[in-house]
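Student: Grabbed the feature section from TrEMBL, which reads as follows:
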type	residues	note
DOMAIN	63-207	domain 'Pre-mRNA-splicing factor Syf1-like N-terminal HAT-repeats'
REPEAT	75-108	repeat 'TPR'
DOMAIN	227-305	domain 'Pre-mRNA-splicing factor Syf1/CRNKL1-like C-terminal HAT-repeats'
REGION	681-727	region 'Disordered'
COMPBIAS	702-714	compositional bias 'Acidic residues'
Amino acid sequence: MSGRDARDRAPRVKNRAPAAVQITAEQLLREAQERQEPSIQAPKQRVQDLEELSEFQGRKRNEFEGRIRYSRDSIRAWIKYAQWESSQYEFERARSVFERALDVDPRSTELWLKYTDMELKARNINHARNLYDRAVTLLPRVDALWYKYVYLEELLLNVPGARQIFERWMQWEPNDKAWQSYIKLEERYNELDRASAIYERWIGVRPIPKNWVTWAKFEEDRGQPDKAREVFQTALEFFGDEEEQVEKAQQVFAAFARMETRLKEYERARVIYKFALARLPRSKSASLYAAYTKFEKQHGDRAGVELTVLGKRRIQYEEELAYDGTNYDAWFSLARLEEDAYRADKEDGEDVEPTRVREVYERAVANVPPALEKRYWRRYIYLWLQYAAFEEIDTKDFDRARDVYKAAIKLVPHNTFTFAKLWLSYAYFEIRQLDVTAARKVLGAGIGMCPKPKLFSGYIELEMRLREFDRVRTLYEKFLTYDPSLSSAWIQWTQVESAVEDFERVRAIFELAVQQSLDMPEIVWKAYIDFESGEGERERTRSLYKRLLERTSHVKVYISYALMEVSVLGGGEDEDGNEIEGEAGDPELARAVFARGYKDLRAKGEKEDRALLLEAWKTFEEQHGSPEDLAKVEEMMPTTRKRWRKAEDGSDLLEEYWDLIFPDDERDANPTSFRFFQAAQQWAAQRGGDEGEGGLSYDLPSDSDDEDEDEGEGEGEKDAEAMDEDD
C-alpha cells in the first residue's frame, strides 16, 4: 500500500489568530497588476516616401490574399481586407474585394451592410443606392436591408423614393413592424389619408384584433370618430357573432366600448359590453366582465353597478363549484347572492320570478354528501333549511316549503343519524301555519323514528308554550324511559312540576331520580336539597344530607350541610304581603356537622379536604361562634412543611414537595415531642409577654429535610424524658 508523502500535504496552520497587518483583496489585485510583465507591442512603422508605401501596401495585400486563399469562406477576412483597402483610399480595390466576397457568399447580410457602409462613408451615394437595390432584390426577407435603404432615402429628403421602396417592400407582406414604419413615415409628413389606406392594406394582410384596434385608434386620434366606428363595425362583421368568434374578438369589443366611453357615448358603450357578454360564457369573459364592472362603477347608476357586481360574483362562485360540487360554503354564498338580487328586484317594484334562486337551491341539494357520516351532512342540511325558509318568507309559497321539508326528511338516513333541528324547524313551520296537530305528528314521527334528547327537549318546550302540561308529563315519561340517566331531564321535569306547585309530584320525581344510575348525580341531589330547603323543610333537608353522606363523604357536602343547619329556612311573604319569618338555624348542630366531617375526612386521610373544611369551619366560627370556639378551630389548623420523597418516575432521585401537618396527627404520632413543643410555645409566649419580644413559632424551618426532622424529634424526646425525670 503506497501512501502519500507527508511533505506533499498542506502545512497545518497552528496559529489561527489574525495577522497584525491585514491585506485587502484590492491590494492583492493591485500588486498582481503591477507585477505583470509588459505585453509585446508591434513596432511602429514610418513611411518616408512613395516607394516604401508601395512596398508596405504590397506586403499587406500579400498577407490578406494569403489569408483568403487559406480560408476562402471566412467573410471576416474578406471584410478586413476590403476595409483596409478603403482605409488606403483604394476604393476600386475595396469594391473589387467586396465583389469577390459576394461571389463567395452572396447571401451574407453582414457583407452587404459593410459594403454599403463603406460607400456611404466615402459619400458615394449612388453606389450605396445601387448596392441596397441589389441587396433587397436578392434578400427581400431581410428587414435590416430595407430599413437601411428607406432611412437613406429619407435622410436625403427623397420621400417619394422612400415611399416607392416601402411599396416594393409591402409586396412581400412583411411583419407588423414594417407596416407600422410605413405608416409612421406618412404620419411624419402629415399624409394621413395615405396612412389610413396603408392601414386598410395592412388589415387585408394581417386581420388580427390588435391591428383592428390600432387602426381605429389612429382614426380616433386624427379626429375621425365616425371612421373609427366604421372600422370597429367592419371588424365585428369580419369576426362574426358565434361564441368562438366573439371570444377571439374580445379585445375589439373592449376597445370599441372604451372609445365610446371616451366620446361620452355611455349608452353605446353599455350596449357593446352587453352584446359581447351575452354571447360569451362566464368562464371565458373574466377580463371583459372586469372592464364592464369598472365602466358601470364610473358611469352607471346603482342598479347597473349592482347588476355588474352580481354577474362578476356569479362567475367566481361558479368557478369554485365547477372545481368541487360539494363545496357547500360556495353554494351558500351563491344562494344568498341570488336571494339578495331577488329581494332587490322586488323592492324596486319589478315583477320577477324566483326561478334563478330555486335553480341554485335545486342544484345545491342535488350534491348529496358521498359518505354516511354526520359531519359531512351538517352543512348540507342547512341548505335544505335555508331553501325552506326562502320559500316561506320571501315567496310565501307554503306548500312548496312543506314539500322541501318533506324531501329533506325523506333524504336523511335516520337509522344512522338524524338532525333534531330539521324536525323542529318543520314542526314550528306547521305551528306558524296554525296547524298544531300537524306539528305534533311531525315531532311524534321524529321521536318514533330516531329518539334524541334534543328532539324531546324541543317537543317539550313546544308543549310548554302551549300550556299543555299533561302532554309535557307524558313526554317526560317517554323521555326518561328512553334514557333514565339524564340528570338534566329529571331536573327540568321537577322544575315544571314546581311551576304548577305540585310539590308531592316533585318529591316523587326526585326520589325516583336518585334511585337511577345518573350521569351527574350530584346536580340531582343538589337540586333536591335546594328544593326542600327552599320550601323550609329542615327535617327533610337534613334527612337528604344524611342519605347523601351515606353515598359520598365529599367535603363540599359537609360544608353545605353545616351551613344549612345554621341558615334560616322558610320565610317570605303571605298572600296579603306580610313578611313571614323563617326558622332560625342552630350553630351547635352546624358545629357538630363540622366535627363529624373533620373526623370522617381524618379517618380517610384526606389532608386537602380537611384543610378546606377547617377553613370553612373557621369562617363559620368567626360569624357565629365565640372566641374560645374560634381558638379551638385555629389550634386545629394545619401548617406546611417542605419534605423529600422518591420520584414517581421510578428513579432513586428525591423530589421536593410541600406537606400539610395537622396538630392532631402530630399528637397521635409523637405525643412526647408534641408535649415538648407545646411547653416550649407556652414558655415563649410567657417570655414574649414579659419582654415584649416575639414567641416561638410552631412551624419548623421550611428548608429542613427529613434527616433534620428526625434529629429534632430525637432531641425532643431526650429533652422530654429529662423533664419527666426532673418532675
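Each residue, glycine too, has its Cβ placed from N, Cα and C.
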Student: Hey, which bits of the same chain come close to the repeat 'TPR' (75-108), Cβ under 8 Å, at least six residues off its ends?
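Tutor: Long-range Cβ neighbours of the repeat 'TPR' (75-108): 57, 60, 64, 67-68, 114-115, 118, 121-122, 124, 127, 138-139.
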Student: As a quick check of your reading of DSSP, tell me how many residues in the repeat 'TPR' (75-108) are helical, how many are strand and how many are coil.
Tutor: 27 helix, 0 strand, 7 coil
Student: Restricting attention to the domain 'Pre-mRNA-splicing factor Syf1/CRNKL1-like C-terminal HAT-repeats' (227-305), give the mean pLDDT.
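Tutor: The predicted confidence over the domain 'Pre-mRNA-splicing factor Syf1/CRNKL1-like C-terminal HAT-repeats' (227-305), as a mean pLDDT, is 82.
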